[in-house]
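What follows is one structure encoded as structure tokens, with my remarks underneath.
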Amino acid sequence: MTRISLTVDGASVSDDVEPRMLLVHYLREKLGKTGTVIGCDTSNCGACTVHLNGTSVKSCNVLAVQADGAEVTTIEGLARDGELHPVQEAFRECHGLQCGFCTPGMIMQSVALLQENPKPSEEEIRLGLEGNLCRCTGYHNIVRAVQHASGQAETAGATS
Amino acid sequence: MTAVQERPGAEIGRDRRRKEDQRLITGRTRWTDNLQLPGMLHLAMIRSPFAHATIASIDKSEAEKATNVVAVFTAADLGESLGACINAWAITTDQVTPAHPPMPADRVTFAGEIVAVVVARSAAEARDAAELVDVEYDELPAALDLKEAAEATPENGGALAHPDLGTNKSALWTFDSAEAGTGGNVDEAIEKARTDGILIEREYRQQRLIPAFMEPRSVVVDPTGEQITMWSATQIPHILRFALAATTGVPESKIRVIAPDVGGGFGGKLQQTPEEMIAFAVARRLGKPVKYTETRSESLMSGHHGRDQWQRLTLAATKDGTVTGLKVDLLADLGSYVAIVGGGVPVLGAFMFNAIYKFPAYRFNCQTVLTNKTWTDAYRGAGRPEATYAIERLMNELAAEVGVDPLAVREKNWIKHEEFPFTTVAGLEYDSGNYEAATAKARELFGYDELRAEQRRRRESGDPVQLGIGVSTFTEMCGLAPSRVLGQLNYGAGGWEHAEVRMLPTGKVEVVTGASAHGQGHETAFSQIVADRLGVAFEDVEILHGDTQISHKGLDTYGSRSLVVGGEALVKAVDKVIEKAKPIAAHLLEASVDDLEFTGGRFSVRGTDQGMAIGEIATAAFAAHNLPDGVEPSIDSEATYDPVNFNYPHGTHLCAMEVDTETGALKMRKYVCVDDIGNIINPLIVAGQVHGGLVQGIAQALWEEAVYDESGTLVSGSFVDYLLPTAADTISFDVDHTTSPSTTNTLGTKGVGEAGTIASTPAVVNAVVDAVRHLGVNDIQMPCTPERVWKAINGAHGGGHADTEGAAAPHFDASTGMEGTVDRTTGGADA
Ligand code: FES
Ligand code: FES
């Protein structure tokens with residue numbers, strides 16, 4: 001067991017964890033932060049994406065001990081004071097989700113993408129989301145959502 | 001039929017943002033794997049590495065000693081309480097149906113089959129201990145190749161998936177239009193075409209696909225209450241409860257199944273799974289709550305697969321391109337067991353090979369075959385994509401043969417819009433449609449003529465990058481359908497759906513539906529229907545689903561049935577509420593029932609300003625202080641609706657694809673589709689369904705394939721090898737609609753969930769082939785990888801017919817596996 005201390009969604013936490021425990025399991029099982037989900041066992045799907053010190057990571061690819069001293073933001077910490085993050089709003093506005101399983105990871109990745117590049121082109125959005133799989137939306141409306149959040153698309157056209 | 005426009009209500013037809021989204025975008029979703037119950041134990045499955053083997057011994061002593069391991073169970077330990085996985089569709093009365101134990105005792109029949117289960121205090125400890133279970137196997141010859149499996153007999157020494165059955169042939173299902181009286185004799189049509197017409201003979205492979213929903217399957221069973229409660233990431237909570245009761249002997253009233261939020265399905269969660277059965281048995285045995293969540297690799301290996309067919313087709317036509325007959329011989333790989341509706345999936349396709357066309361003669365033979373691979377069952381479209389692919393590829397071949405545009409040959413053969421309703425050569429009655437309108441709109445949106453001109457320019461200049469234009473027109477049968485018809489097909493269940501409308505004392509409305517969602521937005525679309533029909537606010541309607549305790553009756557969600565069957569049940573339940581409220585309203589308003597009219601959620605007395613809202617009547621009925629004599633103090637209502645027919649969405653899809661003839665690389669330039677799904681409740685949701693469907697169909701054309709090696713191991717057993725498309729692989733689509741309201745339901749709607757998938761696969765492959773047809777290519781095996789495209793262009797055959805890997809398999813002989821009778825099994829597991 002190793003002692004770790006970190007900040008998760010604004011709250012500081014300390015725990016003894018097994019050295020092999022993955023961050024995603026720590027978040028889900030120890031902290032009950034089930035908003036972050038697991039979609040694969042090969043780090044391919046991106047469903048588990050969170051922010052570690054402000055950068056997006058696949059939390060199934062990070063050991064909990066590696067997050068010692070870090071600041072972690074999950075989908076559950078994205079809304080502030082009951083106000084949805086603009087990217088969360090954009091996903092709803094543009095119907096960028098169906099079953100919603102990929103959504104926490106997609107939103108976290110999109111937030112990170114826009115931090116780096118506030119006005120991405122469609123191509124840049126598509127490349128930026130390459131590590132996150134979605135089986136429902138065909139990505140069309142996810143791309144729209146990111147464009148919308150970046151102020152580059154007025155509405156989600158149902159017919160385009 | 002009520003035209004939507006007649007209703008002043010603003011909800012139907014409106015781009016409503018979804019009610020579901022608040023929880024999904026904030027991480028407050030109720031996935032099964034999120035559940036933590038006090039004292040819960042965790043399961044890890046031990047799975048066979050072999051495709052076919054007898055289990056010589058299982059030594060679990062080391063695992064039992066491991067830290068925090070509570071028990072290790074094999075089939076012998078759990079015995080009768082394991083039950084059997086259900087098969088609900090014997091497509092013929094003599095279908096060979098091997099018994100399907102959730103955990104076999106002595107012989108495994110595919111790689112990934114469960115032979116033991118470890119129960120421990122944590123999931124990680126269960127997985128660790130699973131490594132310590134020592135299973136000895138004696139490998140048996142495995143039936144892996146579909147064509148070889150079809151031919152195998154004990155006499156010729158071919159491998160049998162279940163040696164005790166003496167055959168791999170499960171069922172032979174045939175349809176002949178001459179015998180059925182729906183058309184002419186196909187042999188005569190073929191003979192005539194051979195001497196004086198055009199005969200197109202082709203063989204197409206429908207590769208094996210994996211549904212690959214993003215949420216892995218998960219099950220939690222709590223046996224500690226009055227009932228046994230199962231939470232499962234399933235599409236079919238109601239059917240699952242029935243199946244558990246029927247196969248374990250636990251009374252239905254003692255089982256509650258909850259499908260909380262479910263992360264996608266696409267048919268892949270339409271099953272009573274071995275994992276659910278094992279969790280159920282273990283929980284009962286130990287008297288403690290248990291959880292099992294599969295890993296992605298387990299999911300790909302042992303969740304059911306889809307497609308996997310060989311199609312041999314003969315199309316007869318006159319020299320001007322008028323089709324005179326179609327013959328289809330199909331081999332369908334069921335895998336090692338006949339899954340819940342797996343035996344029926346290829347037969348659903350049988351009705352769709354004639355697609356939108358007026359074929360005068362038709363024959364279909366379908367041989368389903370058992371192999372030592374994961375079992376196959378419904379996958380988005382289920383039978384219809386396979387049929388649509390074949391016919392839309394053939395129509396392009398016919399156009400090439402006649403020397404006309406692919407759209408022209410379609411136009412020559414399709415049903416004209418004034419001919420609806422139309423009874424097809426397969427015996428279906430198409431409700432409504434307008435193929436001319438959809439095609440004209442798609443052509444225009446696409447810029448068809450301009451792109452054809454560009455294609456000509458590139459050909460003439462010998463541009464290394466050629467342009468292909470892919471056409472696909474389609475129709476499908478959805479909203480399965482009158483129970484009577486399903487009964488004639490030997491299907492084990494009906495096609496109805498149930499709905500209940502509860503008028504709460506405050507005037508708000510709770511609606512219960514048996515159609516449980518897994519991403520389709522039922523809570524939103526159904527609220528829109530109720531809001532308009534009942535005249536209440538969208539926000540005042542709450543939709544409840546996915547819990548057999550709350551929604552005691554239903555047939556769940558698959559086959560694009562929710563709106564067209566479940567929505568119609570809802571309409572009927574709402575209408576009953578209004579009927580029940582009427583005498584109370586008349587009484588309270590001191591008017592005659594005949595003088596009342598109901599509009600905008602209010603009963604009003606004609607010619608006066610007197611009136612009452614439906615919510616006020618709900619309140620009055622609840623208080624029951626002043627009701628007419630003999631009237632019950634409730635206006636709650638329910639309805640069970642059995643559809644009068646399937647319904648038939650259709651559409652025209654056009655794809656432009658750039659093909660680099662030097663490398664085989666493909667680049668999709670444009671994709672346009674115009675779908676006609678009748679009246680639309682929520683255009684935003686519909687567009688989302690179409691986009692997702694398109695990418696799933698495009699993925700079959702270009703990327704996805706479940707591949708086994710010669711020993712029967714699934715090579716594409718993770719997302720590293722099973723190539724789901726990413727955002728970077730795909731493009732944005734142009735999606736539009738035409739509207740031919742369905743005549744078979746009040747709302748005039750048709751299903752949309754599978755449309756994109758059905759139509760896009762042939763559109764894409766037609767585009768790829770079209771780009772290089774002038775180089776002598778007329779077929780490329782799916783998925784059309786750059787390597788296959790390159791090989792086709794630089795054909796080992798020196799141009800001409802470009803055979804690819806698929807066709808290197810033993811040649812398909814129509815007489816093989818297609819004739820003869822099938823022995824009845826002894827160990828059937830039908831229930
Ligand atoms: S669960 Fe982390 S990438 Fe799939
Ligand atoms: S919304 Fe279902 S996987 Fe993305």
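Glycine is no exception: its Cβ is also placed from the backbone N, Cα and C atoms.
What you are looking at is a predicted structure, and each value in this text was computed from that prediction instead of being measured.
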Which listed span TrEMBL calls region 'Disordered', if the choices are B:1-20, B:741-760: B:1-20
Secondary structure content, the domain 'Aldehyde oxidase/xanthine dehydrogenase a/b hammerhead' (B:26-141) (per DSSP, counts of residues): 25 helix, 37 strand, 54 coil
Mean per-residue pLDDT computed across the domain 'Aldehyde oxidase/xanthine dehydrogenase a/b hammerhead' (B:26-141): 97
Counts of helix, strand and coil residues, the compositional bias 'Basic and acidic residues' (B:8-20), according to DSSP: 0 helix, 0 strand, 13 coil
